[in-house]
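Chemist: What follows is a structure written as structure tokens; I'll ask about it next.
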Amino acid sequence: IKTLLYYFLIWVLLLLVAAASAKRFTRCELARTLKAAGMSGYKGVSLANWVCLANAESSYNTQTTNRNTDGSTDYGIFQINNRWWCTNGQFPSHNGCRVSCSQLLSDNISASIACAKTIVNQQGITAWVGWRNRCRNRDVSQYIAGCGV
Ligand SMILES: *[C@@H]1O[C@H](CO)[C@@H](O)[C@H](O)[C@H]1NC(C)=O
């Protein structure tokens with residue numbers, strides 16, 4: 001019975017670790033983080049548009065994954081695709097960002113930001129369906145309102 005208790009405690013500990021590594025940014029926290037990483041105006045995309053994009057794609061949740069109809073998967077706060085930009089070691093990938101997809105789920109979003117810069121450099125902001133559907137031609141100023149950025 002001691003052994004059972006031991007396993008139970010380890011299980012509780014693992015749950016706590018898993019909960020701690022899932023991060024949902026607040027709107028302003030993300031705005032500040034993106035600004036500090038040089039995303040404001042990057043490739044002509046305003047900070048408010050980047051925040052709107054992240055809201056549309058992941059609701060600011062770093063652990064978001066979604067499967068696409070072609071079998072590929074989108075990862076993280078910017079929903080970066082594993083056919084083109086990151087690799088999970090299984091799905092065939094061009095791995096344009098030279099990054100492992102799991103790094104794009106970290107609560108440290110610097111790898112996601114670096115990859116988003118690569119994507120916008122090569123394809124422009126219209127690469128993101130969420131941006132096209134929910135941010136393009138809209139007043140996005142609300143996304144950074146009151147954030148002091
Ligand atoms: C986030 O990751 C980058 C690159 O891996 C690293 O340089 C930086 O120190 C990390 N930031 C934090 C707060 O851990």
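Positions of Cβ are set from backbone N, Cα and C atoms, glycine also.
Note: TrEMBL annotation is automatic and uncurated.
According to TrEMBL:
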type	residues	note
DOMAIN	97-115	domain 'Glycosyl hydrolases family 22 (GH22)'
SIGNAL	1-22	signal peptide
Chemist: What is the three-state DSSP composition of the domain 'Glycosyl hydrolases family 22 (GH22)' (97-115), stated as helix, strand and coil residue counts?
Modeler: 11 helix, 1 strand, 7 coil
Chemist: Given the model, what does the mean pLDDT over the domain 'Glycosyl hydrolases family 22 (GH22)' (97-115) come out as?
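Modeler: Mean pLDDT, the domain 'Glycosyl hydrolases family 22 (GH22)' (97-115): 98.
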